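Let me begin by presenting the structure, written as structure tokens, before commenting on it.
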Amino acid sequence: MNRLRRVWRLSPAIPTCPVLYPVTTTFTFHRQISPRATDRKMQATIEKYPRKNDVYIQYGTAGFRTKAELLDHVVFRMGVLAALRSRAKGSMAIGVMITASHNPEPDNGVKLVDPHGEMLEVAWEAIASRLANASDSEFQEELAKVAIQTGVDVNKPALVFIGRDTRSSSERLGEAAIAGVKFYQGTAVDHGQVTTPMLHYYVYAHNMNLTPDPQLEDSYFSKLASSFISLSKEITTKKNYSPFVDFDGANGVGALAIEKLLPRLGNTLLLTVHNTDTVTPSTLNKECGADYVKTHVAAPKGFEPTPNKRIVSVDGDADRVIYSYVDSQKQFHLMDGDHIASLVAGYLMEMVKDSGLELSLGLVQTAYANGNSTKYITETMKIPVAFTSTGVKHLHHKALEYDIGVYFEANGHGTVVFSNNARNLVLQAMNDEKLDESKRRVIMRLKQVMEVINSTVGDAISDMLLVETVLKARGWSMEDWEAAYQDLPSRLMKVHVKDRNVIETVDADRKCSKPDGLQKEIDRVVSSYSFGRSFVRPSGTEDVVRVYAEAETQVEADKLAVEVARVVYNNADGVGPIPS
Ligand code: 16G
Ligand code: MG
């Protein structure tokens, strides 16, 4: 009896939550002798979200992602984990976002947002995977182990913000997340349909006390709109710039968000919004949106492009953006993340120089960056480029090494991060009465640019406003922007293999270390192509191996991709038809 009382004292604030108890002999004893009604009730709640099969699921580059019907238990458990994480972080808000981004509608996913609006700390990804894969009967024990391992103070309150995209399964999964938070005695705040970057911002703004919770949405849109309008007023160079833009909402949550932003922009940006059907499930990302445009190298369907008019496409959760246009000869032109990166970095570099501030600026890319973009950025713009593995978290982390770190993946994920040093120097200079007037104006502009950027994570809408600012400042049309450099022809392919994880990569995905001999064969194939480059990596979001190839001509790039895909097929137990 004494031992039992000791158990109760461990968690006075949450007496009905035995999963928080350390797994000790005391606990085992207690459970064996007296299975309490609360234990049974909690087990019943867990079993309302049963793990339906024993296929291992992993917290990957963008959280968990698979068929929506397999995710209820995962999302419930992520609600629990988010509440635990909130306690581990001194009760700061943690975000849970339900989305499968650009994937087809039947898929869904879940990812956690950390207190400063950043992605979940890498060390916790393994914890998330452990909890997601525990059997229903082991879950409470596994959770108790995690609570001990992470040293959470169970007496602290926990706060979790939930957001979701427009998928038909997202509402149900959102409820599972809320149930998970409540199961762990936390407070869940349902923010409904929001873009991924909006949820990141809400978490950050709440934890930094930037704005009262009921005004989070208003604060997000006002911050973007007011800084963009101020910048627009400042910039007088218009030349070839036109404010007319076609916006492709991918029939997803980005379409809902842009409708809220539009009235606040006045006539600074004249957007026509297309692909806004968020009610018919089959339309999401279907032949439209950033992923479609980038992978098919084609204009989005759903409207007739006007010659030479900018098209801005976002993906299903609006965290990536791709620009494009169709010229008067009906030729399609793609302006992907690499073009956005060079445009933005060039503008920022110029401002840094003109301001006289001593700030380091660098750009981060992945192996998917077109070779000619890297060449242009390093050789012509003289901006240092660093490479990381694929996945926003890797680029973001690397970008933090600079005072101004610009990062973009070719697929349109990206943003700019600023160090505390950069923010402080800008603020100091603004208050420096002796500062030359022209420098002050540049510094004021830099400050406004910082405001228009959502630095917590890549944000399609904020990125669009940034690109528009630069194009306007330069007085550029799409053709002017495109003239900076020409992409080397490239080709992406997928190879189906028995187990994609037999392929391991090093050197920012540019080389593979396993299986033995594969890299040697790839090198041999690549060596016979002029300007040839190719690499392979297991996808983090699909059960395939991805092959990237570029070469001097499109025919050569296509040929190289097929040759390398065959090498992968032969060396990594390919399944299905031989790549052709
Ligand atoms: C996810 C990542 C993205 C990466 C992509 C690679 C985030 C928010 N998103 O969408 O950065 O480029 O996965 O997909 O991290 P893959 O592993 O299937 O090629
Ligand atoms: Mg996305």
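Here, residue 1 is simply the first one shown, and the rest follow in order.
Cβ coordinates come from backbone N, Cα and C, glycine included.
TrEMBL annotations: computationally assigned, not manually curated.
Record features, source TrEMBL:
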- Ser101: active site, phosphoserine intermediate (ACT_SITE)
- Ser101, Asp315, Asp317, Asp319: Mg(2+) binding site (BINDING)
- Glu409, Ala410, Asn411, Arg537, Pro538, Ser539, Gly540, Thr541, Arg546: substrate binding site (BINDING)
- 92-132: domain 'Alpha-D-phosphohexomutase alpha/beta/alpha' (DOMAIN)
- 138-207: domain 'Alpha-D-phosphohexomutase alpha/beta/alpha' (DOMAIN)
- 217-322: domain 'Phosphoacetylglucosamine mutase AMG1' (DOMAIN)
- 336-476: domain 'Phosphoacetylglucosamine mutase AMG1' (DOMAIN)
- 493-566: domain 'Alpha-D-phosphohexomutase C-terminal' (DOMAIN)
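A map of TrEMBL features onto the structure.
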residue: Ser101; record: active site, phosphoserine intermediate; DSSP (3 states): coil
residue: Asp315; record: Mg(2+) binding site; DSSP (3 states): coil
residue: Glu409; record: substrate binding site; DSSP (3 states): coil
residue: Pro538; record: substrate binding site; DSSP (3 states): strand
residue: Arg546; record: substrate binding site; DSSP (3 states): strand
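Summary of the Mg(2+) site environment: with the site residues Ser101, Asp315, Asp317, Asp319 set aside, the chain residues having Cβ atoms within 8 Å of the Cβ mean position are Thr99, His102, Asp165, Thr195, Thr196, Gly252, Gly254, Ala290, Val314, Gly316, Ala318, Arg320, Ala460.
Each of 92-132, 217-322, 336-476, 493-566 was scored by its Cβ pairs under 8 Å to the domain 'Alpha-D-phosphohexomutase alpha/beta/alpha' (138-207), and the highest score goes to 92-132. Proximity to ligand 2 (Cβ under 6 Å from any of its atoms) holds for these recorded positions out of Ser101, Asn411, Pro538, Gly540: Ser101. Proximity to ligand 1 at the level of Cβ atoms, with a cut-off under 6 angstroms, picks out none of the binding-site residues Asp315, Asp317, Pro538.
Closest by Cα distance to Gly540 (substrate binding site), from the recorded positions Ser101, Asp315, Asp317, Asp319, is Ser101. Its Cβ placed at the centre, Asp315 (Mg(2+) binding site) has 32 other Cβ atoms within 10 Å. A C-beta separation below 8 Å, combined with a sequence spacing of at least six in one chain, links Pro538 (substrate binding site) to Arg500, Asn501, Ile503, Thr505, Val544, Val545, Arg546. When the recorded positions Ser101, Glu409, Asn411 are ranked by how far their Cα is from the Cα of Asp317 (Mg(2+) binding site), Ser101 comes first. Using Cα positions, the member of the recorded positions Ser101, Glu409, Asn411 nearest to Asp315 (Mg(2+) binding site) is identified as Ser101. Candidate binding-site residues: Asp317, Asp319, Glu409. Fewest other C-beta atoms within 10 angstroms, Glu409.
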